[in-house]
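TrEMBL has this to say about the protein:
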type: BINDING; residues: A:532, A:535, A:572, A:575; note: Zn(2+) 1 binding site
type: BINDING; residues: A:541, A:544, A:559, A:562; note: Zn(2+) 2 binding site
type: DOMAIN; residues: A:302-469; note: domain 'Helicase ATP-binding'
type: DOMAIN; residues: A:567-724; note: domain 'Helicase C-terminal'
DNA sequence: AGCACGCCGACT
DNA sequence: GTCGGCGTGCTC
């Protein structure tokens, strides 16, 4: 295995290293090591290499050999960045698995795995060359660049692109280079910069009691300085270094007093790197006893771990799975292992994280996409050096440099956000975590109130252990759930906008009881589409095959796929009519209509649009928690991992958009989502209420939701999957085929499908048009491979890789782009 | 990814 | 004619 093995080579050997570049390249590249760097070469360290004509990248040493490449001259590496490897052998093994399983490149994995702060790329920097010679004639663009350069000394290529407002700037830059007006250089800079703060310490001289006493006498006439000294003495008693800022906050002295003491050689001021991460001291606050049911479940999990590496914990909402996790984590900690606790992205900003942080103190680190680059590097380092024994993280935390994982918890394992769709590696973090657990010899718990069909199936087949926790912790009653028939209400003329009289009544009562309300609407934006009442025209995105959505906050029509937006139409461009209507509705519209009905209530929205920034999500949640908001209107996000004490009613505005989604998992997802939403209501002593509005009140899945009949849903769905050949009875591999010209695309996709069919027969389906047939000016078709249990999936993958290789080499189909998505759900 | 090379349309 | 646009291929 490649890894931490140094040596094995003679000192005067010429070393060649295979490196991974953080780019989507089909293979790794070989570089040559200058002899003076030989001793520093270890797999997993970063090196700086030139790749292509100018560009420098950080590459990772993958393996070392003494054999020169046969068909080309290897370039020399420029430098070795690290003193110790940043990627360990287990990580490389994990990457290799990802490459094999998800049919991606190692560079894709590297790009996803390393925090941006550890991936350096060079920038081409232009600078003036001072020659003083006669100026050669310059084009207007060249002049423009020279003028700016004269003013600000240096420019990067992207500065030039911005300045000239065009993409092709190399001709201009090269011309200036030729005319000897400028120099260019590639600059690689370490992006990660430790944060430093000033600290204060006492000079050794005053560590003698006698000297110190004299000092106090001496400062009699300088009360500010005396104050500073006294504060310092007090702060330093804790034994930790005293920050200058801390001293300023704690005493009444100004910076002048500290400087005066420093000048007198009493204080020493020094800079030291500090943590960016929240380093407040945590108390061990959370002490708890497990209920009998929890204790029994815990014992059962431990018993199952004797035989199985993976256990599915099916615990109804509010059954206290978290306490079970905590016990399991404590045990793993005692054994000296590390723990990975995976959560869906959204759940990471909530109370669970705070509670665990309180409980485990500074052994715990949190990792998700809203941390900045520097913070992520610090977490990476703390996982590598073992400071963090527990990591609470979103899907990308499977890439952290764990040394000895002993336990992996995948909470809410059914969550679709564990799947990364774009870009490659298109991986399922839950599945990847299971392999990661295998590599480390760690145990894996999958927890959910509504397990994914696959996991439940694996458990029932005996592949995973299975433990069920049916009792709600503390005897919290299940909410009352009811279905409201929209057609029925319409018949009786009892619908006001999107709200039935029943739901409005429920809201009024809940508010009267001083409870809060959550309304769930599975769509963001204000109105789904604008439609011309005269001719039926709807404005569409110019790059994608979708209707634009009106967003009230911006007052514009937006495309959810590419971000394109345009002004609202007043006049129909097709027929000139001014009768433009807004059809369909989203969270914004629900909020507005509801505000009209309840002008006194305070409302907030929780969706992707209202939570783009790092803190807004937390702010909205906090406000709701502190009851500054009465009604929270949200998309899927409200269903996930949020616990609110005060919520008495959860309303689902329209369940049909979920049920009718054209995908084989629609009903499973609907059940999970609605059950999860219901779980948000009624904590502690109160029974909550869930009201679901729908056009199809007799739908079997809705029945199953209100009867809490997970097993019934499982049985029905499993039968359908069996009948139509879907997972878990088959494995799916989806191939996305893209081209700007729809005809070229159709021809190419048909040919590719035909070639695959020649190898795999009827397992190959399509090509067909996806729901959205064009995104970002590219037309899309997809081909699906459905491999049943008897088919060797690795052979299918081999054949697929091979076929694609030949297909792309074929001149007739050049320019056609393909993507592979293994387990695309 | 990002850069060079080569082919094609629009403007001096 | 040439400049600048874009498509295609290669990078150890």
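Placement of Cβ uses the backbone N, Cα and C atoms for every residue, glycine included.
Source: prediction; values computed, not measured.
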Averaged pLDDT, computed only over the residues in the domain 'Helicase C-terminal' (A:567-724): 84
Residue A:575 (Zn(2+) 1 binding site) versus binding-site residues A:541, A:544, A:559 - nearest by Cα: A:541
By Cα-Cα distance, the member of binding-site residues A:541, A:544, A:559 nearest residue A:572 (Zn(2+) 1 binding site): A:541
8 Å Cβ shell about A:532, A:535, A:572, A:575 centroid, Zn(2+) 1 site members excluded: A:533, A:534, A:536, A:537, A:573, A:574, A:576, A:577, A:579
Distance, residue A:544 (Zn(2+) 2 binding site) to residue A:532 (Zn(2+) 1 binding site) (CA atoms, angstrom): 20
Sparsest-packed among the binding-site residues, when each Cβ's other Cβ atoms within 10 Å are tallied, from A:532, A:535, A:541: A:535
Between residue A:541 (Zn(2+) 2 binding site) and residue A:535 (Zn(2+) 1 binding site): CA-CA distance (Å): 19
Assigned element (helix, strand, coil) containing residue A:532 (Zn(2+) 1 binding site), judged by DSSP: strand
